[in-house]
Amino acid sequence: MSISRRGAISAKGPRSRAPAFVAFAAAKGEYDYDLVIIGAGVGGHGAALHAVECGLKTAIIEGDVIGGTCVNRGCVPSKALLAASGRVRDMKNADHLKMLGIEVDDVRFDRQGIADHATGLATNIRNNLTNSMKGLGVDILLGAATLRDNHTISYSNKKCTAKNIIIATGSTPFVPPGIEIDGKTVFTSDDALKLDWIPPWVAIIGSGYIGLEFSDVYTALGSDVTFIEAMPKIMPGFDAEIGKQAERILIQPRNIDYVTDVLATKVTPGIPGEKPVTIELSDFKTREVVDQMEVDACLVATGRAPYTEGLNLEAISVETQRGFVPVNEKMQVLDKDGGVVEGVWCIGDANGKMMLAHAASAQGIAAIECMQGRDRVLNHNSVPAACFTHPEVSFVGLTEEQARDKAKEEGFEITVKKTSFKANSKALAEKEADGMAKLIYRSDTQEILGMWIMGLHAADLIHEASNAINNGMKATDLKFAVHAHPTLAEVVDEVFKQVEHV
């Protein structure tokens, strides 16, 4: 295997999250708070708001900045970059504009202005979260939190007690061994969001959501991209059919190449404009070095690791599993013998069940409900996910491959229904009709197993299936729903109408 400038390839920190508390017990003087949340990110914030709604005296402890990873170094600023770069891509697409009767002579952009848009959005959302908690009477306590026992927390040379504690400390970028981060030429998403410069050629290690979204940003702003993927195919977590569509739409028409079945076993930083970044590639199976490539910059997008060090979990007899805090379905923390640690809960990336900001928030709400004696368990199969490329990819539940494996193991048949955006009036009006939607369900019971969408505003269209799964609805229950015309919602409507009437 050799890699050239265009790639001769097979085919084209800190703790964060928000808390909440049980106020009436605290009012009796037994504890300072009903609930203390460690980490003021999206998960902790959602838990805090619901705790206040339930009448709990709540505090939240934050050792870094309010908003956590999502607001400050993740989903919020990245969407600002995607919004700005997406408009640049649209305006540079002369053929697409011509179909709409539009002509644009010269398209220019201000890199710093785009970066400022991202940081400004993060600041605005961070302030909104802070003010919402203060307005509801949530005490915001600053400092790194350490557990003393299952009802006592120390922070900044102070301590507080609580009837219940929620750990919502989130995660940090995972950097594999052998990769040297300098924050300028070799960096994680934390630094990429600053958009300090636009490298001519960027290698992205990992082709998951983070890597794909940044490939969208970089190529729109003029960079070439090469993915380095350890698995046999890029986008390994995608439904296979959707993955093929994504490769056709998001990879092949753009300045993107990829290598698969290889690991970046050594990455050495360079100097912008003077010295390239060198990347040693090794065969995934044999670990033998097979090639070396030189690029201008390298984004490490190899997933995230839980941020749980320093919590002193030993004080409550908890042993982490690769850093993740073990929990049961109610989000109660489990000790090293598998027993429930009374009064201690863990939500979000720190427990590893589903590393998404909205999953963390939902887990926090479920945990508060369980604290109140209402056993509300989150159905993680109903939690949607999205990749905010142009166009977007979204899903909920299983891939078709996973559904077929499950069907074979449990002895039932599945049905798959599909439709294309090419039949949708709104997508045709936008001249953006690439994409498809597919619904996967059990043939006998009509239980919805999954749905995948790729196309314009796919992230906004997935929620009907998500809510249907959450509410135990069958595929036939969606068949007679009415959707406004002409809207993109008719894409999912078209799939639902294909379900056999039982």
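Each Cβ is built from the backbone N, Cα and C atoms, and glycine gets one as well.
Heads up, TrEMBL stuff is auto-annotated, nobody curated it.
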Record-annotated NAD(+) site (TrEMBL): member among Glu229, Glu288, Glu319 besides Gly206, Ser207, Gly208, Tyr209, Ile210, Gly211, Leu212, Glu213, Gly303: Glu229
Selected from Cys54, Cys75: TrEMBL disulphide partner of Cys70: Cys75
Distance from Asp349 (FAD binding site) back to Gly206 (NAD(+) binding site), taken between C-alpha atoms, in Å: 19
Counts of helix, strand and coil residues, the domain 'Pyridine nucleotide-disulphide oxidoreductase dimerisation' (383-494), according to DSSP: 42 helix, 33 strand, 37 coil
Distance, Cys75 (disulfide bond) to Glu229 (NAD(+) binding site) (CA atoms, angstrom): 22
Least surrounded among the binding-site residues, given as Glu229, Asp349, when other CB atoms within 10 Å are counted: Glu229
For Lys79 (FAD binding site), the number of other Cβ atoms found within 10 Å of its own Cβ: 16
Cys70 (disulfide bond) versus Leu356 (FAD binding site) - Cα distance in angstrom: 9
Which of His358, His485, all recorded positions, has a Cβ with the fewest other Cβ atoms inside 10 Å: His485
